[in-house]
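Swiss-Prot has this to say about the protein:
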- Cys55, Cys59, Cys62: [4Fe-4S] cluster binding site (BINDING)
- Cys99, Cys130, Cys190, Arg262: [2Fe-2S] cluster binding site (BINDING)
- 40-258: domain 'Radical SAM core' (DOMAIN)
Amino acid sequence: MCTSIRHDWQLPEVLELFNIPFNDLILNAHLIHRKFFNSNEIQIAGLLNIKTGGCPENCKYCSQSAHYKTQLKKEDLLNIETIKEAIKKAKVNGIDRFCFAAAWRQIRDRDIEYICNIISLIKSENLESCASLGMVTLEQAKKLKTAGLDFYNHNIDTSRDFYYNVTTTRSYDDRLSSLNNISEAEINICSGGILGLGESIEDRAKMLLTLANLKKHPKSVPINRLVPIKGTPFENNPKISNIDFIRTIAVARILMPESYVRLAAGRESMSHEMQALCLFAGANSLFYGEKLLTTPNADCNDDKNLLSKLGVKTKQAVFFDS
C-alpha cells in the first residue's frame, strides 16, 4: 500500500480501494495512520453557531435553509460576550480547536471586523481557530489570515456529478473557488463531505478524489453522516450502512495520510464499537459538545467514557505553518 503523499490519484485507483475486502482496507488505513500520527491520540474540536437559520442556500439536507419549513427558530448574530463565554467553556472542556459557523451564503465585508474580533478571542485562549462562513473572496481570506485564523471550513459535500441533486443555489466551482482563495491566503483548508445524501459509491470516491488532488491536501477532512431533518427534502433518506461509512473513513485516510479525518455530524447515532472502528480505520478528530450547529451530537460524558475505554488521549493544539 502506497504511503507517499500524492496529488495525482485516478478514479479507478480510488474505486479499487473501495472494493478491497473490509479487513484488508481498514488494516492498510490503520498502518498508514500510524506512520503519520500517534494512533492513540485524537484531536477535539468545538463548534459554535454564531448565526442560526435563514440561509438563502437550498441545500436539501439543511435545517437552516430558508427554503424549507423546519422546526428551527431563526436567530440573529450572537453578541461578542456570549461568544467569549463559549470559547472559555470550550477551553475548560479540553477542546483544542474552536470552530464558529454562520448560516450565510457568503461573508459580507461589513461583518469582517466582527469575525476578526471572534478570531482574536479564540487566539487569546491559545486555541486553534476555524471559521465556516460560506463563500469567501481572496481579499476577505487575507484579512482573516491577518487576524490569525488557522483554518477555514468549506465542505464540497459530494461529487461534482451528484452535486446538483443536493443544492442548486451555488455551483461546485463556487466551492472550489473559495477553497482556492483560502489556500492562496495561506489559511489551512478544512473540507469534507456528507454521506447518505443518496450518492453512489462512485460519488464518494469522486468526492475524496477531488479533495486528495487539491494542490494542498485539506489539513482537516470532516466526514458527516446525514442526520435527516424533518421538513427538508432528505428527511426520509435511507441511512448509510456502518460498514460503508467506515470504508469511506479508511479511503480518506489512505488518500490523505497527513490530514486529520474528523467524525462530524451523525456521530450521536454511532455505537462505541462503530466509533472505535472508525478510529482504527484512520479517524483522529471529533467534534465535542451537545450539538453540531442545529443537530444533536454525542453526549460529552459518553465521549469521555469512550476515549477512556479505548486508551485514547486528546492532543494539545498545534498551530500549523502554511
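Every residue gets a Cβ built from N, Cα and C, even glycine.
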Subject >> Additional residues around [4Fe-4S] cluster, ordered along the sequence, whose Cβ is within 8 Å of the centroid of Cys55, Cys59, Cys62 >> reply: Glu57, Asn58, Tyr61, Ser63, Gln64, Ser65, His67, Ala103, Thr167
Subject >> C-alpha spacing of Cys130 ([2Fe-2S] cluster binding site) relative to Cys62 ([4Fe-4S] cluster binding site), in angstrom >> reply: 20
Original post:
What's the CA-CA gap between Arg262 ([2Fe-2S] cluster binding site) and Cys59 ([4Fe-4S] cluster binding site) in angstrom, rounded?
Top reply: 21
**OP:** Just jot down the residues in the same chain as Cys59 ([4Fe-4S] cluster binding site), at least 6 apart in sequence, with C-beta under 8 A of its C-beta; none if empty.
**Re:** Ser65, Asp157, Val166, Thr167, Thr169
**OP:** Have a look at the binding-site residues (Cys55, Cys62, Cys130, Cys190) and report the one with the fewest Cβ neighbours inside 10 Å.
**Re:** Cys55
Original post:
Looking only at DSSP and grouping its letters into three states, which state does Cys99 ([2Fe-2S] cluster binding site) belong to?
Top reply: strand
Subject >> Additional residues around [2Fe-2S] cluster, ordered along the sequence, whose Cβ is within 8 Å of the centroid of Cys99, Cys130, Cys190, Arg262 >> reply: Ala45, Leu47, Arg97, Ser132, Phe151, Asn153, Ser220, Pro222
**OP:** Calculate the per-residue pLDDT averaged over the domain 'Radical SAM core' (40-258) and state the result as an integer.
**Re:** 92
**OP:** Give the sequence-ordered list of residues that share a chain with Cys99 ([2Fe-2S] cluster binding site), lie 6 or more positions from it, and have CB atoms under 8 Å from its CB.
**Re:** Ala45, Gly46, Leu47, Leu48, Ser129, Cys130, Ala131, Ser132, Phe151, Asn153, Phe287
Original post:
For Cys62 ([4Fe-4S] cluster binding site), which DSSP three-state class applies?
Top reply: coil
Subject >> Rounded to the nearest Å - Cα separation of Cys190 ([2Fe-2S] cluster binding site) and Cys55 ([4Fe-4S] cluster binding site) >> reply: 21
